[in-house]
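Everything below concerns the one structure shown next.
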Amino acid sequence: MSTPVIPPPRRAADDPLLDVRDLVVRYGPVTAVDHVSFTLEAGETLALDGPSGCGKSSTVSAVLQLRRPDAGEVRFEGRELTALTERELRPLRPRMQPVFQDPYGSLSPRHRIRDAVAEPLRVQGRWDDAGGPARVAELLDRVGLEPAHGDRFPHELSGGQCQRAGIARALVSEPRLLVLDEPVSALDPSVRAGVLNLLAGLQEELGLAYLFICHDPAVVRHFADRTIEMRDGRLVAG
Amino acid sequence: MRLRARGPAGAAALTRLVCLTAVLAAVGLLPWLSGRDPALTVLRARSAEQEPTAEALDAVRRDLGLDAGPLSLLGDWLSGLLRGDLGISWVSGTDVLPSVLSGLQVSLGLMSAALGVAVLLACALVAPVLVRGRGSAGAFGAMLAAVPEFLLATVALLVCGVWLGVLPTSGWQGPEYLVLPAVALGVPAGGLLGRLVADALPAVLDERWVELWREAGVSRARVAAAALRRALPPLVPQFGMVAVGLTGGAVAVETVFAVPGIGRTALGAAKSQDLPLLQGCVLALLVLGLAAGAPAALVRRRLLGPALRDAGLTLPAPRPVRAHPAVPVALGAVLLVTIGWGLLRDPYTVDATARLLPPSWARPLGTDGLGRDVLARLGHGAATTVGTAVAVSLAGLLLALALGFLPRVAAGAADIANALPPVIVGILVAAATGPGTGGAALAVALVSWPPLSAHAAALVQEVRASAFLTAQRAIGATPWWILTRHVLPSVAGPVARHAVLRLPGVALALASLGFLGLGAQPPAPEWGLLLEESRAYVERAPWAALTPAVALALLAGLAVASAAYTQGRTVQHARRTSRRARLLRRPAPADSTAARPGSPSRSSRKEVSLDGNAT
């Protein structure tokens, strides 16, 4: 089954938002990601599909520079990331945010939801006592959480609510790219649609680009503008 | 990164080597480290008549090679060591090697007898578990393992030697002289051995193959033998702890029963500043402790064969000893009331008219040989001992938190620290700095951190592996922010609680150094020192000796009960979290709390195996 690759609509005349070229990630003798290249435009959704162990997660952590790639280029907003030091990278990190598969594991079990969502503001030095709480409340409301949820701990929320809190935490950094690593696969089927609709609405409203790892063909078809498929660390023609 | 590539074994081996070299260098440099001028001591010891003139003292210094500087001192000692020459005693002027060898001979005899007692006791503890097929773990063994040798030796001396008068209590002239020292030395070791096995057996007997064998009609004896063979190999490395406990305990037991073994020789040498003799003795004790690990490794290899290489045989986690929280609370309350009462009284006033009085209303626990109030001394002694123990635990906690981030470095150092009994480190420190509370505290701090650091390392690893730390880097958090806001808060709390629960064990170790005269000095009312002082007139005033003995036994009970309490709570907590996880997360994701039950219970296993070392 091969769907024809639709060329992405060019939204701007200049560089794409994300341009990955010949990305290589090795774990000892094993090459997990083998010369993978793709681009992503602003506001676009690119689905990354493939069987488990094919290197999808290694690809996204290399894109996010959470694990430095062994070779290749990751160009984000026209800037080459692989050449930057950790210190130089830190101010750029808020521009691309991950949302993880496990809604509970990605929030600290020791912090209330409100503090977890506020933490990026504090880390990035953008917190002030007047505007900060208002911004957190606004985001919690935007992702569909009650104000009372802000006072709870992650284990006191349902999986869907927790994932919404994770999305709020990613949004507070004002990113242009969200890297969604199977964001709904750990959730009940009944709450998946709600989270996906939330993501779709946010994309429209904020012009976010999504790099979206997903297994579910139905979700991919409805959600993604384009799909690329990986197998054994390489891209296969989609 | 390079360390990881070489593997954990490589880094641990390297630190182990570095630490061993450091210990050896510390022993070799003892005369220089002590920083005090031994010339006068040596001159007095050699000839009482000679005037201590400047020339005479210089001659002694030249003779001892003290003016040559540390490196040549160490070089001389090491080269002598390689030739089998341990130097000449400063006090007696004779060769050190023969004294060390004769002491070693006596001590080895004592230790083998003690090992026999230990094995018998361990069998007695394990047998009921095997016969009943299942059963509770060795709480009694834990209690025996926690009783320090010096306390047991004193009580045995009091009961058998003095009151019953059935066995000789002092000297080394025949087999009957062996009985009491061997029992005093063997019982804690046997308690440790028995408890290790008895703790592991119930979980092994719950495994499915046991049920299958029983239904197939295999005899109980064969099932029991197979279960033992299954339970023993993973425990064998921990049996090395028993050997370490024996070398440390030998110092106290030989001192109490006046056995001319190597431990007593070492202690005497430390007190008389006879450093060459001390170096020889400590070296022999260290070699003895480290060498005991070698047969343990051989036995393990023999029992396990290829399974060792494949790392395929781990024991199921032991079921916790059920200890009602009331037990530690009650023990603690009795101690606290006694101590509080004693603190209100005066521990120092000497009253020559009120010597060795029996208990009365005016003096509830009687008086000691100088007419001082025993209750008051007990109360004030607790303040010093516990205060020092708190300081030692705090230092251990900080060290453990720091080392928790360097697990590979810590593992090698922990191996060496585990192989050093606190008493021997105490002797070394006392020889270098002079006996005192500070030196005793330093000695206990040097060897009491490994269980805490293992716990911290397990927690650090668990936190680092969690997804939310990755999320921290993604929002642009600095390593400092991640460390102070996320990693340390998750690790410091549990490790601090663990440190609090180890306090009684630390206090016992301090008391054993005090008992040997390596800690607090008279007239300070330290518990170990109280017991030691009252030994001299135990026949006339047994209450003066019994009081600190009972207090120390209560402390040992508190140590065991609180350790069992943490273990039980950890497991309960894990059960609670996993139940909550099941209730809340129907599509049960693999998350960080699911990993939690394993790591703390592993570290508390480690704690169980180590606290026999605390005496």
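The backbone N, Cα and C atoms fix where each Cβ goes, and this holds for glycine too.
Counting same-chain residues at least six beyond the ends of the transmembrane segment (B:108-131), those with a Cβ under 8 angstroms from any Cβ of the stretch are 137-138, 140-141, 144, 178, 181-183, 185-187, 189-191, 193-195, 197-198, 201-202, 205, 224, 227-228, 242, 246-247, 249-250, 253-254, 259, 261. Summarising the annotation, TrEMBL assigns transmembrane segment to B:108-131 (among others).
The transmembrane segment feature in TrEMBL is assigned to B:143-166 (among others).
Same-chain residues lying 6 or more positions outside the transmembrane segment (B:178-198) and placing a CB less than 8 Å from one of its CB atoms are 109-111, 113-126, 129, 137-138, 140-149, 152-153, 156-157, 160-161, 167-169, 228, 231-232, 235, 238-239, 241-242, 245-246, 249-250, 253-254, 256-257, 259, 608-609, 612, 615. Annotated transmembrane segment per TrEMBL: B:178-198 (among others), in sequence order.
Summarising the annotation, TrEMBL assigns transmembrane segment to B:239-257 (among others). Within the chain, the transmembrane segment (B:239-257) has long-range Cβ neighbours (under 8 A, six or more residues past its boundaries) at 107, 110-111, 114-115, 118, 148-150, 153-154, 157, 169-171, 177, 180-181, 184-185, 188-189, 192-193, 196, 263-264, 266-267, 285, 288-289, 292-293, 296, 418-424, 427, 512, 515-516, 535, 609-610, 612-613, 615.
As annotated by TrEMBL, transmembrane segment applies to B:277-299 (among others).
According to TrEMBL, the transmembrane segment annotation covers B:326-344 (among others).
Residues or ranges marked as domain 'ABC transmembrane type-1' in TrEMBL: B:378-564.
Positions annotated as transmembrane segment by TrEMBL: B:382-407 (among others). A Cβ distance under 8 Å defines the sequence-distant neighbours of the transmembrane segment (B:382-407), meaning residues of its chain 6+ beyond its ends; these are 8, 335, 339, 342-343, 413, 437, 440-441, 444-445, 448-449, 452-453, 455-457, 459-461, 488, 491-492, 495-496, 499-500, 502-504, 506-507, 510-511, 514, 520, 524-528, 551.
Taken from TrEMBL, the feature transmembrane segment applies to B:419-447 (among others). A Cβ distance under 8 Å defines the sequence-distant neighbours of the transmembrane segment (B:419-447), meaning residues of its chain 6+ beyond its ends; these are 23, 26-27, 30, 33-36, 240, 244-245, 247-249, 251-252, 263, 266-267, 270-271, 273, 275, 278, 282, 285-286, 289-290, 293, 384, 388, 391-392, 395-396, 399, 506, 509-510, 512-514, 516-521, 524, 526, 613-615.
Residues 139, 142-143, 146-148, 151, 154-155, 158, 162-163, 320-323, 325, 327-328, 331-332, 334-335, 338, 356, 358-359, 365-369, 374-375, 378, 381-382, 497-498, 501-502, 504-505, 507-508, 511, 527-528, 530-531, 534-535, 604, 607-608, 611, 614 of the same chain lie 6+ residues outside the transmembrane segment (B:541-566) yet bring a C-beta within less than 8 angstroms of a C-beta in it. Summarising the annotation, TrEMBL assigns transmembrane segment to B:541-566 (among others).
Look at TrEMBL and you will find B:571-615 tagged as region 'Disordered'.
Per TrEMBL, compositional bias 'Basic residues' is recorded for B:572-585.
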Contacting positions for the transmembrane segment (B:277-299) when only residues 6+ beyond its ends and CB under 8 Å are counted: 23, 27-28, 30, 77, 81, 86-87, 89-91, 96-97, 99-100, 103-104, 107, 236-237, 239-240, 243-244, 247, 250, 262-263, 265-266, 269-270, 419-421, 424, 427-428, 431
